[in-house]
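Listed in Swiss-Prot for this protein:
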BINDING   G30, L31, N32, G33, Q34, G35, K36, T37  ATP binding site
Amino acid sequence: MRLRHLTLRHFRNVGFAALAFSGRQQFLVGLNGQGKTNLLEAAGFLTALRSFRTTDNKLLIQHGQHTGAISSELTHEQLGDTKLTIKLRRDGKELWSDATRVTRLADHLGRFPTVVFSSQDLHLVRGAPALRRRWLDLTLASMDAGYLRALQTYSRALADRNALLKRGNAADAELDAFEQQLAPAAVALLATRTAALALLGAKLAVAYDRLCAGDAAEKVGLHYEPSFDGPSTEAWLARFESSRGRDAQFRTTLVGPHRDDFSFVVRGTAAKDFASEGQQRSLVLALRLAQAEWGHEKSGTRPVLLADDVLGELDPLRRRRFWASIDPESQILATGTSLPDAELGEWQVFEVKSGEFEAAAETPEL
């Protein structure tokens, strides 16, 4: 997929910007706080109608404005030339595809993929389990409609069961009604997560090896940590039933896919506790490379890669290896406070200042 044009209106600190992209490499250069990340955020919003920086869409609308908009023109491997427009309001958003309003998330999710490389990705290694679950759910839901349906079913039934538990004195028959919905959905989520993390772990290891010059001592992977690994609906029903007393005590559901986690592993140990900062940064870069490769294999569509000033903390050799690891047919939009290394070929460069984007008079061969 190629992003040809991107237009922002009243988005973050950008009053208006219209950028035309040529070639596959665009670089946004400028000081911090000028709007580089805001443009990548807008491009990433195309994938799942959500920001990679915040869950509060009101923050996306420029201060003093009531609405905002993102418009894009893309060339897609299966869909051809397509125009997307996202209209933002303080109470919601609308998506339009070629002048037709899209009303179901399932009809859009994953069709126009992007993969974001962000400094916030370090939280996937260091942060709370909820961050890793959210990333995993978004990634799998964008690739697998069955996973999205199971996740939606599970989330609704979980909310209803928790409401009963919070109320107190829930009857077994009431709990059972929601457990009958939870159990088969949990089986589906567990199976998909298990297979996906095994595959992503293998791809992560290959990508990490490329970034780290084949250091065989640094064997890496992903380790799935389910709260319960029941193989069948019957096993899950029994587990939910046996947990009712404790769940009633704490007034919430204490077991299920919503309590799962996974960890990054280096040399057989948890990267969260034992890996250096350099290893952790390389792990999350490798994870995103693995995600992009797998997404292309699953959908036939190359995601647009969005790299938000993620390489500044890496040594020059590892930075060069990262750029060399990018699929040569993929488009990449990158940001930084200085231009990329000289041997990385020709970039279309935009200078960014105070929410304004100016194309370089001549794109230097950097």
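Using N, Cα and C of the backbone, Cβ positions are placed for all residues, glycine too.
This view paints the features noted in Swiss-Prot onto the structure.
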{"residue": "G30", "record": "ATP binding site", "Cβ contacts under 8 Å, 6 or more apart": "K36, T337, E351, V352, K353"}
{"residue": "L31", "record": "ATP binding site", "Cβ contacts under 8 Å, 6 or more apart": "T337, K353"}
{"residue": "N32", "record": "ATP binding site", "Cβ contacts under 8 Å, 6 or more apart": "T337"}
{"residue": "G33", "record": "ATP binding site", "Cβ contacts under 8 Å, 6 or more apart": "none"}
{"residue": "Q34", "record": "ATP binding site", "Cβ contacts under 8 Å, 6 or more apart": "V352, K353, S354, G355"}
{"residue": "G35", "record": "ATP binding site", "Cβ contacts under 8 Å, 6 or more apart": "R12, N13, V14, V352, S354, G355, E356, F357"}
{"residue": "T37", "record": "ATP binding site", "Cβ contacts under 8 Å, 6 or more apart": "R53, D308, D309, T335"}
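For K36 (ATP binding site), the Cβ neighbour count at a 10 Å cut-off comes to 25, with all displayed protein chains included. In the three-state DSSP assignment, the secondary structure recorded for G30 (ATP binding site) is coil. Taken residue by residue with DSSP, T37 (ATP binding site) is part of a helix.
Other residues of the chain with a Cβ within 8 Å of the Cβ centroid of G30, L31, N32, G33, Q34, G35, K36, T37, the ATP site, are T335, V352, K353.
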